[in-house]
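Q: Handing you a structure now.
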């Protein structure tokens, strides 16, 4: 039968909801309803609610609460009232708490609303002009005021209680968020805050920023002492974690001052590139006015705030409002499962129709009814249950403020309970001026009350003994028509290790964009590994440019301030994110370049040996005998060794090879060039000496050719001796020439000595070139002055070109350039001097005879 009645009630309820749509659509309906888009809707106003708790040694009359709630209350105060009813009912049913007394409450102010009530009228303990029933005053001689959630109203009430010294109500417990101003016991000696102090709030917010890489955030706070302190703590924590404030909007508490600056605040938040904005401060203030204005103007940001801001937006249209996706931080507490059962199953027919389903159902549809026209509407459903209530309109989810009310009621109950258990000498309290003895005792037990509430959470009203608060991270989702869903997506506990304090389920978060992903909020894109930050002058540290690390320097972390130079025997990879060990390299025989040079050297030396063989075979021919064949043999032999000495430059060098490279190269080339000089002088002297007698001419030619080679060679050997004595060549490790390689080369030791050797060779070559050039037109069929001229021209050209190319080369390429110069200059001598003669000897033997020369002369 009960199930049938419940089913019938459900049917009636949904029919009424359907009817409400129709009534709201027709303004001419007999019971006139209208859509109201006024921002000052009763359901949108944030109300402060005050209660007075008392104990009496008798049970409350059966209809006490019905009489108490006989007048309509502001809609937003119903959640507070229902939590109060639940807590008191739970305490009064508990045989172990206040077993011989009954805990009751009445309203402080006008039907619980202490926001708009003029508390100065001293009518706080009245209800619509009627004093609290006498049976309550008779038994209860010390009551406790419970005020909140706004701290300013709590401060006002506490001040008035002290100022007017109301004997029966001298103690005050506030259930709003903790505020430092209320903890001043000189100003508020009998005021206590049940809410835990937000010691870890800044840590929780910054942890979120670190997790999501939000380096560029905005901050909107109320310009009061608590806001300034929060700003200071936030800046300090942000600085440690390299997070910057894009802007700080300090909203003045004075409304006139705010109106004057409103456009400036709007411009700051609109022009800022920060996508994440923190809101901190009290609701029912200019801060809330500012946010509602931004919401109306369509400012979309990701808001990070505290739980008291969860329900400030109640959009009634069919669009998602700008508060959608907010991350809210709420103090951690266990779920009170019995409260939901209380709301769903309690039959509120015993309470006035103001709490009825019909009134709250119509409020959901945003309609306002004319009481004069629809007086009987409240009696449509007199026996309803709140499990049918539209939850998105009448938010009964437990939050910080309601949980604080729950704990505050229990704290007062425990204080009364402890006082009843212990006998206290009243004379001890007589020195407390202004407090009656009963309130002195209650105050003593209230300020020291510590207990575990029914759901297992510790409660300590003494803030000096409170531990750091744990926080739940809620994702607040605002849907069209006022639907609000709060999803717990994470938790922060300051008791764990630093890197384990934040637990977050990212896949459960829905951002303001409606997606599961949210882009980072940064002033500048991060500098990835391989780059370093270059700060922009005059801007915050989070605004910077990214520049590539210099050569052989790395950065292996994001947003590196400086790059790190790799060790000498290491090198930076292409991305410049890691140092890698350098490979040891030299001009090896296995290298293509080394192999090519070795092949050329061997081929040229074999070719030179063949030319020497040809000359030896045809040594009696005129072309071989001309210009002193002995000098030709010496020159060809020296060229063979010149080609072969280039092999000393290939392979892994050591000290011996380094010394032999330079000495053999210098001495052999000195012999070669001095031989060319001797051949040149032989040609010149053979035609220019005018002394009579062939004997004298042959003697002069023979002596010059005999002494010029050893003299020139001895001078070169002396230079090498000085070089080896002062600064000999040595094995050098070149770590800079080739990227990623350590090149082993032979250092010249004394660069000056090296260039002296080259200069000496150059001077011999220049003298030979000059003499040969002057003798190029001497009349003789076998005159090789022209060939000597071209050979010296090639020789000088090679080594003049060698100097800039050698200095512009690095590593083993430098060695290859030197080897190539040796081969090229040697091949220049061989080709220019001997190849034409071989051509005549092998291919034109008819031209290699004295008889042919004489026939040509006669003709």
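Residue 1 is the first one shown; counting continues down the chain.
For all residues, glycine too, the Cβ spot is worked out from N, Cα and C.
Since this is a predicted model, take the numbers as computed values, not measurements.
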Q: Which range, 555-578, 819-842, does TrEMBL list as transmembrane segment?
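A: Result: 819-842 is the stretch TrEMBL calls transmembrane segment.
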Q: What mean pLDDT does the predicted model reach across the domain 'G-protein coupled receptors family 3 profile' (593-857)?
A: 83
Q: Between the transmembrane segment (593-618) and the stretches 630-651, 663-687, 707-725, 752-775, 787-807, work out which stretch tops the count of Cβ pairs under 8 Å.
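A: So the stretch in question is 630-651.
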Q: Which residues of the same chain, at least 6 past either end of the transmembrane segment (630-651), have a Cβ under 8 Å from a Cβ in it?
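A: Sequence-remote neighbours of the transmembrane segment (630-651) are 586-589, 594, 597-598, 601-602, 604-605, 608-609, 611-612, 615-616, 624, 657, 660-661, 664-665, 668-669, 671-672, 675-676, 678-679, 682, 705, 709, 746, 815, 818-819, 822-823, 826, 829-830, 833-834.
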Q: Going through 663-687, 752-775, 787-807, 819-842 one by one, which has the most CB pairs that fall under 8 Å from the transmembrane segment (707-725)?
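A: Maximum Cβ contact count belongs to 663-687.
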Q: Give residue numbers and ranges for long-range contacts of the transmembrane segment (787-807): same chain, 6 or more residues beyond its ends, CB-CB under 8 A.
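A: Here the qualifying positions are 673, 676, 679-680, 683, 758, 761-762, 765-766, 768-769, 772-773, 776, 814, 817-818, 821, 824-825, 828-829, 831-833, 836.
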